[in-house]
């Protein structure tokens, strides 16, 4: 089974059902080298006394690593962690790693809840969006994605009167990406289906690069309009400008990588031919306009000459 086929077919689901509220986490994605000190920020605006930090590895359940019942109260959770936390203010609960290691690679989720009892963890917890942390021994393994858009098949269009564009992002590491579709300059969500998670291109390798596929389905009529523009945009979260880089290729910093397609009419009338037609029509119009102007000048000259002759004959 090919890598691209795996990307088309793969679906990966997280088991945790999380409630998002006014919980803010920064950064959303972070890739760093071994030994760096990092702080993951978490804040909430609901005035909750209880706050929590969880760690979740891919495909695994949440593990509580730290919690707090209020200002200056911090406790360790049920999972041994080399991180530390502080609670100087009610709304603020940062988590710090003094010396990051590859084993710290994971997703870190911050949550809060109302205080209804110190010993109970059954209160409704509100979660932030999470921070995806990747710690690497060598930053040369970081690669941005290559992105391609594949046009709909004629068979689908003729049988269903629908058109599905496929976007494929390949060759990126780590899996810190967000994919979106844009039509005529505006982001769209209707008709979009994106894989829940990126897939490893070589599942047997720990440092395998990733791929991600997404589909945008529109009506055949909409696709067959050459004026419609489709763009697949992949936001890649890579290195920062401050990270040291000694490789002979471009530094894989945080960046946007895109691919695009134009609508294609069913009679072979492509966006290129449409634009060429518009250009030809514009030139023809200018030629005709020029001829009309020249004709008007000639007519005016003839009228003037006739008036002069008439005046001379009267004289």
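Yeah, the Cβs are placed from backbone N, Cα and C, and that goes for glycine too.
The annotation disulfide bond is assigned in Swiss-Prot to 42-110, 167-232. Annotation source Swiss-Prot lists region 'T cell receptor beta variable 25-1' at 22-114. As annotated by Swiss-Prot, region 'CDR3' applies to 110-127, with the evidence given as experimental evidence. Marked as region 'T cell receptor beta joining 2-3' by Swiss-Prot on the basis of experimental evidence: 122-136. What Swiss-Prot records for 1-21 is signal peptide, and it gives sequence analysis as the kind of evidence.
Neighbours of residue 232 (disulfide bond), defined as other CB atoms within 10 A of its CB across all chains, total 25. Through the fold, the region 'T cell receptor beta joining 2-3' (122-136) approaches residues 18-34, 36, 38, 40, 42, 44, 46, 48, 50, 52, 56, 100-114, 116, 142, 174-176, 237 of its own chain, all at least 6 residues removed from its boundaries and within a Cβ separation under 8 Å. Counting every protein chain shown, the number of other Cβ atoms lying within 10 Å of the Cβ of residue 110 (disulfide bond) is 27. For the region 'T cell receptor beta variable 25-1' (22-114), the DSSP-based tally of helix, strand and coil residues reads 3 helix, 49 strand, 41 coil.
Taking the region 'CDR3' (110-127) as a whole, pLDDT averages 76 in the prediction. In the three-state DSSP scheme, residue 167 (disulfide bond) falls into the strand class. Helix first, then strand, then coil: DSSP counts for the region 'T cell receptor beta joining 2-3' (122-136) stand at 0 helix, 8 strand, 7 coil.
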